[in-house]
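Notes for the one structure printed next.
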Amino acid sequence: QIQEIATKAKEGILERLDAGEIVIGDGGFVFALEKRGYVKAGPWTPEATVEHPEAGASIVGVNCHFDPDTSLATVKLMKEGLQAAKLKAHLMSQPLAFHTPDCGKQGFIDLPEFPFGLEPRIVTRWDIQKYARKAYDLGIRYIGGCCGFEPYHIRAIAEELAPERGFLPEASEKHGSWGDSLSMHTKPWVRARARKEYWENLKPASGRPYCPSMSKPDGWGVTKGARELMQQREATSEQQLKELFQKQKF
């Protein structure tokens with residue numbers, strides 16, 4: 001039954017994309033070649049995109065682990081790979097809602113803040129409006145988000161692309177576009193923020209004294225096949241935890 005629901009959902013999305021509609025998604029609804037056995041963890045970007053055209057991928061893109069900028073740069077490489085191989089596919093992007101310019105190859109799981117201290121890295125709704133516009137201009141029509149995305153982020157995508165989609169989301173009735181409802185605020189300096197230019201160029205502060213702007217990723221040099229990455233059925237023992245704690249540096 002679950003497989004049947006997934007198949008119908010995929011068919012519905014493809015039908016909408018084929019019709020030229022912009023699909024806004026949230027979560028991990030991804031069509032992964034890896035699950036079909038065509039691509040192993042490791043190779044990606046243009047090579048993984050076109051290496052197995054017989055896989056019949058209708059949607060090509062990236063999901064999770066990296067921020068909007070990194071994800072869009074990756075989809076751009078995938079698009080170039082498709083064009084070079086003279087293949088066609090819909091493009092998809094579902095990045096994190098966290099800024100991750102300092103992460104390693106494994107993405108945000110290597111950051112010392114993962115998973116319970118990532119809040120200071122959350123992107124603003126204005127960051128997401130910029131992301132949505134860049135994604136659309138790149139030719140992506142399945143535009144969404146993964147970990148960290150909140151309802152207001154998804155709404156920001158829909159609001160940015162309202163001219164192309166022909167309508168605003170219902171929740172847009174709750175606030176003004178680009179902060180224009182601030183024009184009625186009692187403080188004049190806040191009223192001055194009732195415009196797109198202000199929020200589009202804002203460089204928000206974290207409010208955390210002495211905190212660095214970026215972190216040093218973990219990873220410990222562990223790569224695919226290392227003993228530390230092997231899953232085990234039983235719970236991690238106290239001794240195993242002690243060994244890990246000794247390797248952890250602050």
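Cβ coordinates come from backbone N, Cα and C, glycine included.
Nobody curates TrEMBL annotations by hand; they come from automatic prediction.
Annotated Zn(2+) binding site per TrEMBL: CYS64, CYS146, CYS147, in sequence order. Under the heading domain 'Hcy-binding', TrEMBL lists 1-161.
Cβ neighbours within 10 Å of CYS64 (Zn(2+) binding site), excluding its own Cβ and spanning all shown chains: 18.
Mean model confidence for the domain 'Hcy-binding' (1-161) is a pLDDT of 79.
For CYS146 (Zn(2+) binding site), the number of other Cβ atoms no farther than 10 Å from its own Cβ, over all displayed protein chains, is 23.
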